[in-house]
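Participant: Pasting a structure below so you can have a look.
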Amino acid sequence: MSSGLNPAQLQAVAHHGGPCLVLAGAGSGKTRVITHKIARLLQQGMVPERIAAITFTNKAAAEMRERARALAGRAAQQVLICTFHALGVRLLRQDGAALGLKPQFSILDSDDVASLLKDCGASTDSVTARHWQWTISGWKNAGLDAAQALAQAGDEAQRQIALVMAKYQERLAAYQSVDFDDLIGLPLALLQRHPEVRARWQAQLGHVLIDEYQDTNATQYELLKLLVGARAQFTAVGDDDQSIYGWRGATLDNLKRLPQDFPALQVIKLEQNYRSTGAILRAANHVIAPNPKLYPKQLWSDLGEGEPVRLQACDHEEHEAERVVARIQSLRGPASGSAHKAYKDFAVLYRANHQSRPLETALRKAQIPYQVSGGTGFFERAEIKDLCAWLRLMANPDDDPAFLRAATAPKRGIGHQTLQQLGAFASQYKLSLYEALFAHSLSAAMPARALATLHEFGRSLNDLQYRARHCRGLEAAAAFLADWLQGIGYQQHLLDHADSAQQGSARWSNVLDFCDWMAQRCADPAAGDAAAPGRAPQTMLDVAQTVALITTLQDRQQEQDVVTLSTLHAAKGLEWPHVQLVGVNEGLLPMRPDDEDAAALAQRLQEERRLMYVGITRAQHTLVVSWLKRRKKGRETVPGQPSRFIADMQLDSAPVREDPRAKLRALRAEFAQRAQAQPGAGTAPPVSP
Ligand SMILES: Nc1ncnc2c1ncn2[C@@H]1O[C@H](COP(=O)(O)OP(=O)(O)OP(=O)(O)O)[C@@H](O)[C@H]1O
Ligand SMILES: [Mg+2]
């Protein structure tokens, strides 16, 4: 079990009888320490239920469970491996009664919270409402209740928010509901106020392990302290350079506090990176260098220099997406070749969710299977599926699944029964639904009113198709799209069916984004189409045909071998052989809100820099970084600048000669491992700093 661990990792795994912190850079095997330590504890006879391992995401938890099972067999399945929030649920379901919470309490998601806040008097304007929601969440994360928030409110606006918070908390209690912040805050209150519950949990947990410790927030830290108690049997692993959740209240102070709060803390540093080639690691080290150092560390790799990191300047998002696809296709090589690579070896990472849309479009066109991690894929969104159904029908009126969806999105008086009757008629005469619509004998098969609504739908489709065929140029396209959406009342439909104003406007903004893309495709190059210079203008019908092509591909969701598209945040802790970072532009990464003061901005930039570091260090063998010469800003297209982080990577710097100490370290590690393998061997020598 100790095989595949270097001496420092082994030291962390073997450390027993007190608190342990592994502090190390990306790819140095911190997560590996956790899985091996779970296995070691089980091997030493600890009951699985007494071990808890806390990860940052459900995905990371699933992966850790899998790895632990591979190492330790079935016993690992009983180990509690979950996120802080899932642990909170466990605590509350088991012992929440002490706080007046029934075991079957419900958990509100962010949209539920938004609408409940609105009921409690929060602003109905979506931007302000979001600000209120964030403020309340921030207070709750800082451990403040409504009365404390009111007492420390700096101005009238804050007082208003605190008053709404008080109502909101009352309603939550009345509805037996909790929000995400409560999943940490309430268990903390539970353990603080009820010594007998606290003692029981402390006795139950033999060892607690925490991955990505740098991203815990103050409340999570307090909860952890109460869970481990004075015995402090825990192992935390983390990297201050990868702290990327400051915006959600995570604080690096937790790293500083650990040695103060636990004087017996054993700190172990890992320095060898097992993930990335020298070229990739060097770029990562250069990028993070300007940030202030909490704990200095020097990462090295003996995987060789590898391929240079490639930089690409792209004309615009679509161009970038095409190059991403081309690279995947060329690296994958012929399916039969020895160098053939799987789709799952590739990841494309970006700063913000909305950046997935052009990538998804290009991957679909090239029939490359992908999954969007950390969010819903653009083409999976209900509103985009609705619009695509209409477009598919314009391209091919005989597309029955599209007919069924478009006929009811939005609802226009065509009921379930009418569609069933139409379907029965169509299959009897071997017609498509659309063809059946205009068949003479249909009138005998269905009531006149139903027939009239169906005919009206058919006529509006015909009309759209006719207009789409003749629609060319940006202005005509914009007018076509506006008329279409207005004609079917789509914006109202979204607002009526959203759980909150915020959700409705987010969906509408996706629709507008999609419309922008379509309009650009129809743009007349003579009119200066910035997004697609040199491309022939298309009619709206051509665009509809492209959409039909890319959205009717068979559903590849179930496939395992897929390219990953992910935000940088959701990529934390993961690794892929081939990584492309896209949209590495000033204004995108670093992302820059306008309304911050200088001090906040400096903090923000440090966090964005860590995010870039996280992105680079996901790559094992190859890394491509691209930026856009023209990028979208809201609804406009503006000239793009490469991110400052690109210059900081110093891609043209000569490869440094391998640190001569690296070889010595590797030798020493090998020696230590051999010594371990010898019967009767002593403990591993301590690792030099
Ligand atoms: N001693 C080792 N020998 C061989 N491979 C190792 C060793 N330690 C770690 N690895 C491998 O290196 C890669 C990175 O390890 P791991 O994911 O545990 O690093 P990490 O420090 O948790 O990274 P991150 O900071 O990105 O979360 C994994 O593929 C892992 O299997
Ligand atoms: Mg990790």
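Quick reminder: no glycine exception, Cβ is built from N, Cα and C everywhere.
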Participant: Figure out which of Arg275, Arg282, Arg310 sits with Ala24, Gly25, Ala26, Gly27, Ser28, Gly29, Lys30, Thr31 in the ATP site per TrEMBL.
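Facilitator: As annotated by TrEMBL, Ala24, Gly25, Ala26, Gly27, Ser28, Gly29, Lys30, Thr31 share the ATP site with Arg275, chosen from Arg275, Arg282, Arg310.
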Participant: Between 410-429, 590-609, 670-689, which stretch does TrEMBL give the note region 'Disordered'?
Facilitator: 670-689
Participant: Averaged over the domain 'UvrD-like helicase C-terminal' (278-573), what pLDDT does the prediction give?
Facilitator: 86
Participant: Measure between the Cα atoms of every pair in Ala24, Gly25, Ala26, Gly27, Ser28, Gly29, Lys30, Thr31, Arg275, the residues the record assigns to ATP, and report the largest value in Å, rounded to a whole number.
Facilitator: 13
Participant: Could you check the binding-site residues Lys30, Arg275 and say which one's CB has the most other CB atoms within 10 Å?
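Facilitator: When each Cβ's neighbours within 10 Å are tallied, Lys30 leads.
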Participant: So which of the binding-site residues Ala24, Ala26, Ser28, Lys30, Arg275 sit close to ligand 2, that is, with a CB under 6 Å from an atom of it?
Facilitator: Lys30
Participant: To test your reading of the ATP site: which residues beyond Ala24, Gly25, Ala26, Gly27, Ser28, Gly29, Lys30, Thr31, Arg275, same chain only, put their Cβ within 8 Å of the Cβ centroid of those residues?
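Facilitator: So the extra residues in range turn out to be Asp239, Leu270, Asn273, Tyr274.
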Participant: Near Ala26 (ATP binding site), how many other Cβ atoms are within 10 Å of its Cβ?
Facilitator: 23
